[in-house]
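Trainee: One structure coming up, written as structure tokens, with questions to follow.
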């Protein structure tokens, strides 16, 4: 959650970790470069094609629902007061501006929705979508062009927000702020007061550059809740103050337009150009969608409506105030300044302060969503090995100063020229992206989007560039480019200038038309692959859950795609029909490759065996098949899966193989079963916890002396442990009436023991943890020790409870911590029958003032000593071990059933281990290699304990970690607190 990411504890922990990593990185050049590398980026090679922000969004981060998109798009749309006001500034009537804005935003909503579909289905951002369309290297221009525009808009929004900060400072400090002398040159167009406000608003962005969109949902909700009252309140003030009298006749147009119709087209293009980045940015927002269509329908409904309402408020308010007060205002911060100057009262100052504060929050959220997030995503793609989204957002924060946005805001004409002009470059990019997604029937090969090699059969195109995509883009750009130059001051014809007024709309439409026609005649490499594979509408979407990066780097789905030029004669049409019906098998593929090796052409082998040439070419490049590439990533190896299938077939005596959804269907058919957590428990306890053994034990609780003891004074002690082997609890199928299923395992594993004690009213004592070793070592503990407060730690030779350990636990933990308010009340401690609990010192402890009859409770203890094998068996490794064990069981006779069961279990296990050894070896080696790379040895350091106790508390562990350098000293810790902790267990000697 975002709040967790902003919590002081989280920030302090993150800073401490980063400082420690930086110190380690400064030891060498290689270590420093490795420290700079982003997560999930490729460490080998001269270039990386991946990092964590370029990969598809994992399922746990797809948290945006329809309501989140409603607040998101509505709050973004509300930041369009200036759009309507600027149209009045270029000479339009107020009703003309409203109509133009509504028409433009309907077009923008349709384009945005079409551009959202790809990211909503595959959960990838704009940079990766651009790779699929423009090629592995061609995408760099598409991303770079957007990055430039995002950076410029980022600084412009910073300036707009700083203007509201000026309003707040003026409302609070009045003349103390406005009388600050201006030491900046007048030609700069920037005063000292504005510089201070710009810096303060810039500081407000710093916490947000470290967050990603899935952590910012709350911000857009806050924007919507604060913006509505601010905007409505300002609009009502303007209408009431001016009695609703509107007029724009005294404002002159700064744009040379020959007719009203071209002015209207110019206004539509102006509105589209202002949102050209938002239309292009849609994949960066839709990738976080939890369900399909969540971001699409919300755009259609809420975007045009909200933009029109916000712009209408701006238009009407500006027209009314300019007419009544004789001003020429076109932005709202100037309007707030005029209100302060006209009504310098305390109540007005307070109202202006609140209004400016709410507008500042709006601009802050808009700048983050529309500019900062896309800029971070673009820079993460331009330099993926060393730049991720967060670092890109930090870079944009500093680049904002270099843009000098105050020069752009010098006049309405300059601002509108910029908005209308640069949209020309973005419209073509969006048009080609939308057209390509629907030409490919919505099918993307995700694994190939992170492969920039020549062997990439889908997206390498012509040396990494898609010629068809750039032809369509250039055609859309070229028609309106002369008008763009004329709008900036160049001498062009009237026709060219009129085409420039169409800007984004012309570029978007022409690029789609040219690209579609061109691809129908000359399809791209990827489009031919999809056509030959016969993929249906968005069929590839069904094959992707959470994206597997290692799978993609290992070759993906076997590269079952390639470059070919197929002519449609009768034989090839027949071959295509076979392919679409999936009538070729792996055997046919191998036979076709054998024919090719003997000199047969790829085309002839493809026709003879019905295997697509794309697959044959990819196999010749060395790609694996889908099944072979995915085998190392499966939970079960092929050998294990075959054995599981054979077991099921033999069990039911049929020849039907298991289906993909067999387990799911099996559970639906048997409602008494359900997947449950599996709790592993030692075989000794399973054999001893039978009904015949446990039932007589409860009769001992009916003793009058025991029944008289209060439930709060009845305690049960047990010794449990944590395995140090590979034993893990999992899900198994069992009765739905049970919370978990126990699984019996041989008791031949090493354990870290702990003594736990709980009362009949569910009050538990903090445990005593017993490690295996001579002393307690600090490296056994994590650096975060808060949860271990008041725990006790010790060590023994075999990690079991010893006589001394049990006795000290009884006298120093149990007796003092369970003392009742009335010392005369008896207590009951039920033992587990462990050998250390049966000693005379433990049962008749005279080290306390308690009566010995209190400790003498062995008669109600439960001893786990029955139904245990008389011989300790080991798993046979060779045939000689089996012969020895068979001779042993022959001597024991047939009476010892537990021993016989243990023997056959071990023999069965030996055969299973041999059978699975080869299948698991390769996977196990890879797992160990990954573990070795991740593990870094920590320094050994003994945990010092008090000379009067064997137990170590958490403070002693913390001090050992500090001395070993694995932990820093917390600021809240003081020397006095450490000293008092170190001496808390010592004997204090006082003078009499």
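Positions of Cβ are set from backbone N, Cα and C atoms, glycine also.
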Trainee: Do you know which of 280-298, 375-393, 394-412 TrEMBL annotates as transmembrane segment?
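Mentor: TrEMBL lists transmembrane segment for residues 394-412.
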Trainee: Under 8 Å for C-beta pairs, could you tell me which stretch among 94-114, 134-156, 301-321, 350-373 has the largest tally with the transmembrane segment (218-242)?
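Mentor: Looking at each of 94-114, 134-156, 301-321, 350-373 in turn, the most contacts to the transmembrane segment (218-242) are made by 350-373.
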Trainee: Which residues of the same chain, at least 6 past either end of the transmembrane segment (134-156), have a Cβ under 8 Å from a Cβ in it?
Mentor: 49, 126-127, 276-277, 280-281, 367, 370-372, 374-375, 378-379, 381-382, 396, 399-405, 408-409, 418, 422, 425-426, 429, 432, 451-452, 456, 459-466, 469-470
Trainee: Determine which residues of the chain contact the transmembrane segment (501-523) at the Cβ level, with the cut-off under 8 Å and only residues 6 or more beyond its ends counted.
Mentor: 107, 111, 257, 262, 265-266, 268-269, 272-273, 276, 420-421, 423-432, 434-436, 439, 468-469, 471-473, 475-477, 479-480, 483-484, 531
Trainee: Mind checking how the domain 'HTH psq-type' (590-626) divides into helix, strand and coil residues in DSSP?
Mentor: 25 helix, 0 strand, 12 coil
Trainee: With Cβ-Cβ distances below 8 Å as the criterion, list the same-chain residues six or more beyond the ends of the transmembrane segment (94-114) that contact it, or say none.
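Mentor: Distant Cβ neighbours of the transmembrane segment (94-114) are 80, 83-84, 87-88, 246, 248, 260, 263-264, 267-272, 275, 278-279, 282, 296-297, 299-300, 303-304, 307-308, 311-312, 315-316, 319, 430, 434, 505, 508.
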Trainee: Please give the sequence-distant neighbours of the transmembrane segment (460-481): residues at least 6 beyond its ends with Cβ less than 8 Å from one of its Cβ atoms.
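Mentor: The answer is 133-138, 424-425, 427-429, 431-432, 435-436, 452-454, 499-500, 502-503, 506-512, 514-515, 518-519, 522-526.
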Trainee: Can you work out which residues elsewhere in the same chain, 6+ from the ends of the transmembrane segment (194-211), have a Cβ less than 8 Å from its Cβ atoms?
Mentor: 2, 5-6, 158-159, 161-166, 169, 180, 184, 219, 360, 364, 367-368, 372, 376, 390, 393-394, 396-397, 400-401, 406
